[in-house]
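Let me begin by presenting the structure, written as structure tokens, before commenting on it.
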Amino acid sequence: MSYAVKEIFLTLQGEGAHAGRASVFCRFAGCNLWSGREADRQDATCKFCDTDFVGTDGTLGGRYASAVELADTIAAQWTASNDNRYVVLTGGEPLLQVDDALIDALHARGFEIGVETNGTIAAPDGLDWICVSPKGGSELVLRRGHELKLVYPQALAAPETFEGLAFERFSLQPMDGPEVAENTARAIDYCLRHPQWRLSVQTHKSLGIR
């Protein structure tokens with residue numbers, strides 16, 4: 001199959017359990033919860049989405065004809081030693097496109113593979129790190145993984161709803177926007193009262209990196 005990719009770039013992971021880790025980000029175009037167009041935001045399941053995943057016009061974006069071509073492009077962005085190679089497959093919703101062929105091609109190039117997903121689509125085998133970020137009002141299909149990262153607060157997505165699921169780590173991330181200070185204070189308070197949850201902040205935004 002071919003892959004529609006918005007952008008590919010090397011950066012430090014800015015949030016969640018792998019914050020601070022060198023990572024190649026591969027952002028896939030398209031999502032099943034929102035078109036990505038502002039005109040449709042009010043009809044989106046996640047109206048707070050802050051990511052541009054529309055089209056293929058970003059850095060190294062395009063339609064890749066094969067898993068090998070895409071994996072080679074990702075590998076070319078890794079400028080350090082061959083140790084600790086890490087790729088984050090994100091979106092949009094990456095599981096609309098990620099398949100066995102791409103997973104095999106990335107593993108063959110020495111990458112540990114992380115995926116950031118809204119959890120509404122079953123994940124293929126072979127992913128090394130599954131981070132699910134549930135969206136209120138959507139059906140959660142992926143009910144186990146390595147990390148559940150909840151943007152907080154969210155209507156229809158209270159943290160206690162997810163505490164019994166089979167995840168190794170639970171992260172609470174303050175919702176960005178005009179009320180970020182209040183949301184951060186609320187998230188801190190929640191984590192203090194419910195230590196199963198760890199605070200996740202978007203460090204890449206404060207550092208000015210992608």
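From the backbone N, Cα and C atoms, a Cβ is placed for every residue, glycine too.
Sequence-distant contacts of LEU12 (substrate binding site), defined as residues of its own chain at least six apart whose C-beta falls under 8 angstroms from its C-beta, comprise ALA19, GLY20, ARG21, ALA22, SER23, HIS204, LEU207, ILE209. The substrate binding site annotation in Swiss-Prot covers LEU12, GLN13, GLY14, ARG27, THR90.
Per Swiss-Prot, [4Fe-4S] cluster binding site is recorded for CYS31, CYS46, CYS49, and the stated evidence type is sequence analysis. Around the Cβ of CYS31 ([4Fe-4S] cluster binding site), 22 further Cβ atoms fall within 10 Å across all displayed protein chains. Secondary structure at CYS31 ([4Fe-4S] cluster binding site), taken from DSSP and collapsed to helix, strand or coil, is coil.
Look at Swiss-Prot and you will find THR51 tagged as Mg(2+) binding site. Around the Cβ of THR51 (Mg(2+) binding site), the same chain contributes ARG27, GLY91, GLY92, each under 8 angstroms and 6 or more positions distant in sequence.
Remark: ASP176 (S-adenosyl-L-methionine binding site) has PHE48, ASP50, ASN183, GLN202, LYS205 as non-local neighbours, by Cβ distance under 8 Å and separation of at least 6 in sequence. Swiss-Prot lists GLY92, SER133, PRO134, LYS135, GLN173, PRO174, MET175, ASP176 with the feature S-adenosyl-L-methionine binding site.
The domain 'Radical SAM core' annotation in Swiss-Prot covers 18-210 and is backed by sequence analysis. The predicted model assigns the domain 'Radical SAM core' (18-210) a mean pLDDT of 96.
Listed in sequence order, the residues of the same chain lying 6 or more apart from GLY14 (substrate binding site) and placing their CB within less than 8 Å of its CB are GLN202, THR203, HIS204, LYS205, LEU207, ILE209.
Looking only at the binding-site residues CYS46, CYS49, MET175, the densest Cβ neighbourhood within 10 Å occurs at CYS46. Note on THR90 (substrate binding site): other Cβ atoms within 10 Å of its Cβ, all shown chains, come to 22.
Within 8 Å of the centroid defined by the CB atoms of CYS31, CYS46, CYS49, the record's [4Fe-4S] cluster site, lie the Cβ atoms of LEU33, TRP34, GLY36, ALA44, THR45, THR51, PHE53, GLY92, ASN118, LYS135, excluding the listed residues themselves. Across the structure, SER133 (S-adenosyl-L-methionine binding site) and CYS49 ([4Fe-4S] cluster binding site) place their CA atoms 12 angstrom apart.
Within 10 Å (C-alpha to C-alpha) of CYS46 ([4Fe-4S] cluster binding site) lie the following binding-site residues from LYS135, GLN173, MET175: LYS135.
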